[in-house]
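Worksheet: one structure, shown below.
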Amino acid sequence: MATYKVKVATGDVLEAGTRNSIYITLVGTRGESPQKAMSYKFLPGKVKETTVKCEQDLGPLVLVRLTKTRLFLEDAWFCKEVHVTAPNGKAYQFPCYQWLEGNTTQEFREGTGKKMADDDLEILKEHRRKELKARQEAYRWKNYAEGWPRCLSVDSVFDLDSNIQFSCTRATSFKGFLIYQGAKRDGELTSSHLLVPEYIASHWKEDAFFGYQFLNGNNPIIIRNCMALPEKFPVTQEMVADSLGKGTTLDKEMKEGRIFIVDYEVLQGIPAGTIHGRQQYVAAPLCLLHQDANGHLRPIAIQLSQMPGPSSPIFLPSDDEWDWLLAKTWVRNADFYSHQVITHLLRTHLFGEVFAVATLRQLPTCHPLFKLLIPHFRFTLHINTLARTILINPGGVIDKGSGVTHEGLLLILQRGLEKVTYTSLCLPDDIQARGVSLIPNYHYRDDGMSLWEAIKRFVSGMVAFYYTDNAAVQGDAELQAWVMDIFTNGFLGRASSGIPSSLKTVAELNKFLTMVVFTCSAQHAAVNNGQYDMGAFLPNAPSSMRHPPPEKKGKAFLQHFLDTLPEVDTTANILVALILLSSRLEDIRLLGHYPEERFTEAEPRRLIRTFQKDLEDIHERIEERNYETELRYNYMNPQEIENSISI
């Protein structure tokens, strides 16, 4: 007789335990054990021990088979992992991290990360084939809108598999926020969160703060260096001479890299909607900024349309106070749309969903890249499905609270996707392409680069452990199918984007994985976590405008300005959404923290510890910098970054 010692761990999450019947079977290279009934009642966070006796040694263990049956009431069970000690003393670990529902049988592999080429046994090859076939049937693509990235084919969160839904803790916390409507925020916000809106209410009119937000606000990826003015923006030396100061010219400042531009061309011709029956208005402005001798970035010229002419004046800091303030507020309104629809929704949420669905469809659980990536998709499919049903849907929060129609929103995002490039998704390349490597006080860039490099070191270490050379990358059919799925369904097969449709080298794989992890963690935090901070004081980020852009100077005054801003109830609706999106809900998992131990080998575990140390060092550097500044930039602090897009 051969006796195996078995430990079965139930996950430490709400409602993880079960009173249904659980059976276990061990599968080895020489056969399988009899099915063994486990003792009754599995409790959350607890380990059940038993022995499994076989007539002969099963050889090296490769699978455990778990069966759950119910007689009357369904009682789902979340299995964490199974440990088995063989008669010869060898220990085997089988990570599960899976809900078992109904009458079901599921098989789990021994925890060593294995590519397809690493599997010699037919039983394991067949297991990965069956798993992917089942996943591809369960997770299908669908079109949400023409020209958008494809998404998971479900109609509501109730259609989601339990393994991708919010946890009970997260769901309860989320519903509480929705019910509470953000009416009270005591205890949920740190002192810095309370201080930032107050700071903005005091400084929002200042040109230096207006410029600061292009570097460290919610939309820090749109500003570019300007070496030559576009024809559509005919700013002259005479217009900006006072702003530039004596002893220099616009041409000289451009040549020396101190002129920057922001262009909201994506909004040109976007249809505006009505709120409470009143027509709203949309502009597509251009804004020119100058970096002064103290390193501050200030606006020096604003044009509120893409077509210059007598009815589209260029507004200047020397203009009347209300003319200039109104022009800047139109830019902030345009930035609201650019940020919410492209920078936030498209470039983090929707791409994160594409990465998640492709991973579920193309990489089996045993694949090392599945183990690496799956924590970075936690709750993403749930939050995105929710967004499509209450936030960006016709009649949803954005539709009711912003000045563009639902069709306009669809069109902005479609145009945004057409402009996305691989370069723009890879932070070091993007910083270089936009010519913003040297501008001072660009905390998004500095913190982001530290995080990019830390993530790159981490994923490169993982790749080096599992891929010995370029041939191993090229020969991994599952990996190549994953990349092609992303290229086809996320970027609609647009080769001009530069998004790879295949990966040929270890270096290419490292870069692509870094981009995926960075997008789903640090980048989302950078463009999400400050939404309440920057938008709580409404004039700083108006969601709609009730008067058309001015066609002449000298017409603006206080009451006209106030009448242009959204009404109170529109503001309240948007603020509820911003409060929710900026909130830190329970059940958060910070970047680099992987409580689900999917990797069983020593080297990947060492790499995780090193990654956590790197993130701690970045956290300390940011805290040291923030200690000395009046306005903290904390959105890319590892202590504020979640592993995944989950809110």
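Don't overthink the numbers, they just go from 1 along the chain as shown.
Keep in mind that glycine also has a Cβ here, set from the backbone N, Cα and C atoms.
Here's what TrEMBL has on this protein:
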| type | residues | note |
| --- | --- | --- |
| BINDING | Gly17, Asp75, Ala76 | Ca(2+) binding site |
| BINDING | His344, His349, His524, Ile647 | Fe cation binding site |
| DOMAIN | 2-114 | domain 'PLAT' |
| DOMAIN | 114-647 | domain 'Lipoxygenase' |
| SITE | Trp99 | site 'Essential for stabilizing binding to COTL1' |
Among Gly17, Asp75, Ala76, Trp99, which are recorded as recorded positions, the nearest neighbour of Ile647 (Fe cation binding site) by Cα | Trp99
Can you tell me how far the Cα of Gly17 (Ca(2+) binding site) sits from the Cα of His349 (Fe cation binding site), in Å?
-> 32
May I have the list of same-chain residues other than His344, His349, His524, Ile647 whose Cβ is within 8 Å of the Cβ centroid of the recorded Fe cation site, in sequence order?
-> Leu345, Thr348, Gly352, Ile383, Val527, Asn528, Leu581, Ile645
As a whole number of Å, the Cα atom of Trp99 (site 'Essential for stabilizing binding to COTL1') is distant from the Cα atom of His344 (Fe cation binding site) by 31
Mean per-residue pLDDT computed across the domain 'Lipoxygenase' (114-647) | 93
Grouping DSSP H, G, I as helix and E, B as strand, the residues of the domain 'PLAT' (2-114) number 0 helix, 65 strand, 48 coil
Row His344 (Fe cation binding site), column other C-beta within 10 angstroms, all chains, value 22
Set of same-chain residues at least 6 away whose C-beta sits under 8 angstroms from Asp75 (Ca(2+) binding site) | Thr18, Arg19, Asn20
By Cα geometry, the one of the binding-site residues (His344, His349, His524) nearest Ala76 (Ca(2+) binding site) is His349
Same-chain residues six or more away whose CB lies under 8 A from the CB of His524 (Fe cation binding site)?
-> His344, Thr348, His349, Gly352, Glu642, Ile645
Around the Ca(2+) site recorded as Gly17, Asp75, Ala76, what other same-chain residues have a C-beta within 8 angstroms of the site's C-beta center?
-> Glu15, Ala16, Thr18, Arg19, Asn20, Phe42, Trp77, Phe78
